[in-house]
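Copied over from TrEMBL, here are the features:
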BINDING   HIS11, LEU13, GLY38, GLU59, ASP87, ASN102  S-adenosyl-L-methionine binding site
DOMAIN    18-187  domain 'Ribosomal RNA adenine methylase transferase N-terminal'
Amino acid sequence: GILFNTGAGQHILKNPLVVNSIIDKAALRRTDVILEVGPGTGNLTVKMLEKVKKVIACEIDPRLVGELQKRVQGTCLANKLEIKVGDILKTDLPFFDACVANLPYQISSPFVFKLLLHRPFFRCAILMFQREFALRLVAKPGSKLYCRLSINTQLLARVDHLMKVGKNNFRPPPKVESSVVRIEPKNPPPPINFQEWDGLVRIAFVRKNKTLSSAFKSSAVEQLLDHNYRIHCSLHNTVSFSKSITFYFYVEIPENFKIAEKIQTVLKDTGYSEKRARSMDIDDFIRLLHGFNSEGIHFS
């Protein structure tokens, strides 16, 4: 009797075969604490409660919270379920071993990065996404769908497309096809400042089909990097001591300094001046970031 709010992404997974397949691919353990986002009426929740130590279900709609509570009330599963009411993007994530969820699609991107930057590390996440979003997550360099989302996710995690899920497996059916993806965070994470990394990647992928030489000629980009460079120089007036002698190291900026020339020099010296973001992989961007940073150019 519930009217689902499709504008808020309320599409309930109704096919038990798909539910069981998701749970199988999650490889749940008896000792697991599972995070579920958007449990709806609990079709996935109840099946997981039968297999794990605890499920923490996060739901923003009080009506669905009531339905979920009624579903387990008076059963042996009730004491294994913890419900958190509220917006998952505005709250701290609890401790969990794995995340299994049929997500509201409009929060897909921010939730993925909230997950990947969460500590302590979790084992894996099995998540339902809109098909195109899922394909962007796993896209490789050269693919039409390869984008900033692809490379940022793949920097922090191993991502695999597990299965397609048709519209008719939901109630009410969404307007788009869906896919299930497995995300396994890299532990330990790569030794990279993610804010720096994302700043570089963001600039490169604004026009992913342009050469990097062209992409970095934007006046807004030049102003940002010039500002960051001057801050970097002012912060690196350092002092070091050797026995009784004090050494002063100053980074001086010439009066005729132009950040545009320095940017283009770095691009040429690293060999990426004529490269395009659409065809560059993680190693390429790591080398490029190192080239910029070694010249005092920063992106955060």
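All residue numbers here begin at 1 and follow the chain in the order shown.
Placed from the backbone N, Cα and C atoms, the Cβ positions cover glycine too.
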Binding-site residues (HIS11, GLU59, ASN102), the one with most neighbouring Cβ atoms at 10 Å: ASN102
Surrounding CB atoms that lie within 10 Å of the CB of LEU13 (S-adenosyl-L-methionine binding site), all protein chains: 20
Lowest local Cβ density (other Cβ within 10 Å) among binding-site residues: GLY38, ASP87: ASP87
Integer average pLDDT (0 to 100) for the domain 'Ribosomal RNA adenine methylase transferase N-terminal' (18-187): 97
Cα-Cα distance, maximum over HIS11, LEU13, GLY38, GLU59, ASP87, ASN102, record's S-adenosyl-L-methionine binders, Å: 20
